[in-house]
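So the structure is just underneath, and the comments pick up after that.
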Amino acid sequence: MIASVFSKSRPFNYILVSGLLVLCFFIYQTQTVDVTSNTSFSWLKGIQKSVILLLLVASLFVTNFIIKRNGLSKDNSFSALFFVSFLMFIPSAFDDFKIVLSSFFILLAMRRLISMKSLLTPKEKIFDASLWIFIAALFHFWSILFIVIVFVSIIFHVSGDYRNWVLPFIAFFTVGILFIFFSLLIDKEWLNVVWNQTGTDFEFYYLEKSAGNAALVLYALFSIVFLFSMVFTLSKRPIIMLASYKKVIFIFLISILIYLISPDKNNTLLLFGLMPASILATGFIEINKDSVLKEIVTGAVLATGILLFIFQL
């Protein structure tokens with residue numbers, strides 16, 4: 001039933017998933033706010049949480065825009081459903097301003113890179129994407145690894161023009177010089193904050209919590225199934241779309257690498273992989289003709305997301 005409902009791209013479906021996202025956000029906030037403290041919910045914190053909600057809702061629609069605009073799925077709303085379902089795996093994202101902001105900037109960058117298959121204004125897209133990635137790195141340093149996707153896109157589409165290879169470096173120096181200038185002008189501590197993020201950590205101490213452990217394992221299991229399905233069915237995809245699907249795979253793999261090497265590790269880092277994971281999951285559903293399997297998979301992902309969300313409150 002769930003698969004049949006989301007097999008069409010109806011406004012009601014997007015209202016439904018958006019409402020679910022907002023509902024989960026407010027449930028999480030009511031469970032985490034310390035009502036006994038007078039300072040636990042200041043105006044500043046309230047504004048920050050409102051921005052987090054707006055960014056997550058915007059991320060949902062930017063993801064949907066990327067998919068629809070670039071023909072990465074058929075006329076359905078599975079990607080929106082999977083995005084919100086996977087988001088429920090990581091309710092800690094509702095409280096992590098920096099990761100949410102960084103992942104949103106990465107989404108804006110990926111929007112530019114995936115659209116490069118049209119070969120319209122490639123230089124602007126390369127520069128814009130690089131700029132967004134380096135800005136994202138100011139909030140979570142290791143998101144800078146997504147710059148690899150810029151060079152992958154250049155190789156796929158416009159490798160013949162040497163100027164395209166220079167543009168990411170121009171973007172790097174632009175962001176770097178402006179950041180250093182404003183840091184020295186306003187607060188030198190900003191430099192230390194970014195520098196302290198450059199370390200690596202392969203430990204998983206936070207997994208002592210069983211709910212977080214279960215969320216990570218189940219997210220990994222679903223993702224592996226969807227990833228391998230995409231890899232082994234690439235030959236069945238339209239030739240014109242192969243470069244875009246390959247970029248999605250690279251984006252997902254880099255999101256895993258960011259999770260593995262980042263210090264202060266937590267499940268919120270999985271947010272960087274939500275867009276590609278949603279595309280991979282949608283691809284799995286679309287390539288399978290068995291309607292029963294579609295219902296089982298969509299129902300399983302949604303139900304797992306709801307249960308994990310409840311257990312992590």
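Each residue, glycine too, has its Cβ placed from N, Cα and C.
Per TrEMBL, transmembrane segment is recorded for 12-30 (among others).
Feature annotation from TrEMBL assigns transmembrane segment to 50-67 (among others).
The transmembrane segment feature in TrEMBL is assigned to 79-109 (among others).
Sequence-distant contacts of the transmembrane segment (129-158) (same chain, at least 6 residues past either end, Cβ-Cβ under 8 Å): 98-99, 101-103, 105-106, 108-110, 112-113, 116-117, 119, 122, 164-165, 167-168, 170-172, 174-176, 179, 194, 197-198, 243, 246-247, 250-251, 254, 257-258, 261-262, 269, 272. Per TrEMBL, transmembrane segment is recorded for 129-158 (among others).
Feature annotation from TrEMBL assigns transmembrane segment to 165-186 (among others).
As annotated by TrEMBL, transmembrane segment applies to 211-232 (among others). With a cut-off of 8 Å between Cβ atoms, the residues of this chain six or more beyond the transmembrane segment (211-232) that come close are 86, 89-90, 245, 248-249, 252, 266-267, 270, 273, 277, 280-281, 283-284, 287, 301, 304, 308, 311-312.
Sequence-distant contacts of the transmembrane segment (244-262) (same chain, six or more residues past either end, CB-CB distance under 8 Å): 70-72, 110, 113-114, 117, 140, 142-143, 145-146, 148-149, 152-153, 156, 200-202, 223, 227, 230-231, 234, 237, 269-270, 272-273, 275-277, 279-280, 283. The transmembrane segment annotation in TrEMBL covers 244-262 (among others).
According to TrEMBL, the transmembrane segment annotation covers 268-285 (among others). Sequence-distant contacts of the transmembrane segment (268-285), counting only residues of its own chain at least 6 positions beyond either end whose CB sits under 8 Å from a CB of the stretch, comprise 3, 59, 63, 66-67, 72-73, 76, 78-80, 82-83, 86-87, 89-90, 92-93, 96, 99-100, 102-103, 106-107, 110, 140, 143, 216, 219, 222-223, 225-227, 229-230, 233, 245, 248-249, 251-252, 254-256, 258-259, 262, 294, 297-298, 301.
The annotation transmembrane segment is assigned in TrEMBL to 292-311 (among others).
Counting Cβ pairs under 8 Å to the transmembrane segment (12-30), the top-ranked stretch among 50-67, 79-109, 165-186, 292-311 is 79-109.
Contact check: the transmembrane segment (292-311) against the transmembrane segment (50-67) gives fewer than three Cβ pairs closer than 8 Å, residues 6 or more apart, which falls short of the contact criterion. Within the chain carrying the transmembrane segment (79-109), a Cβ under 8 angstroms from the stretch's Cβ atoms is held by residues 2, 6, 13-14, 17, 20-21, 24-25, 28-29, 32, 48-49, 51-53, 55-56, 58-60, 62-64, 66-67, 72-73, 128-133, 135-137, 139-140, 143, 146, 149-150, 215, 218-219, 222, 266-272, 274-275, 277-279, 281-282, 298, 301-302, 304-306, 308-309, 312-313, all 6 or more beyond its ends.
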